[in-house]
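Chemist: The structure's right below; bear with me while I get my questions together.
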Amino acid sequence: MSLINTQVQPFKVNAFHNGKFIEVTEESLKGKWSVLIFMPAAFTFNCPTEIEDAANNYGEFQKAGAEVYIVTTDTHFSHKVWHETSPAVGKAQFPLIGDPTHQLTNAFGVHIPEEGLALRGTFVINPEGVIKTVEIHSNEIARDVGETVRKLKAAQYTAAHPGEVCPAKWKEGEKTLAPSLDLVGKI
């Protein structure tokens, strides 16, 4: 079953953020756009490259009024040490969520039971807590977080402009499409 246009289910997890431990719930996501980025585990190889990419794009997320949450199946205690020891992860200014009970990874369909890890999944969630984009793929392939920013902005645009769609490779400020009978066969 697709998670697109479904409400984020209730949850409560702990995270490491800005030098302290915090609690994150589904209510934490409401009132702003949110991006959940699931990763297999702390202290791995591709995960720090993605966190660094997210950190390098964090200004774009903030300009768009969105918060980023990194989620692994480790504890928030592990994330504290990871943040303190990894130069790439140390750049993160967003919450690093620990999901050792697999509450979130199961709810978002990215849990790998036989490994106790998460698949690489990315979810853009609107201010009402509704999932608008889903990307899940193999753990051997790291994501381009710049593409996640593009998808966030496209989701925001279409939310603000009902009846319009963002074509392939659409970037903020570019022309969109208004589907109609007149467009059929002309694109």
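Here the Cβ of each residue, glycine as well, is placed from N, Cα and C on the backbone.
Not my notes, these are from Swiss-Prot:
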type	residues	note
DOMAIN	2-157	domain 'Thioredoxin'
ACT_SITE	CYS47	active site, cysteine sulfenic acid (-SOH) intermediate
Chemist: Pop the mean pLDDT for the domain 'Thioredoxin' (2-157) in here, whole number is fine.
Modeler: 98
Chemist: Show which residues of the chain containing the residue listed as 'active site, cysteine sulfenic acid (-SOH) intermediate', separated from it by at least 6 in sequence, have their CB under 8 Å from its CB.
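Modeler: Within the chain, the residue listed as 'active site, cysteine sulfenic acid (-SOH) intermediate' has Cβ neighbours under 8 Å at MET39, PRO40, ALA41, THR72.
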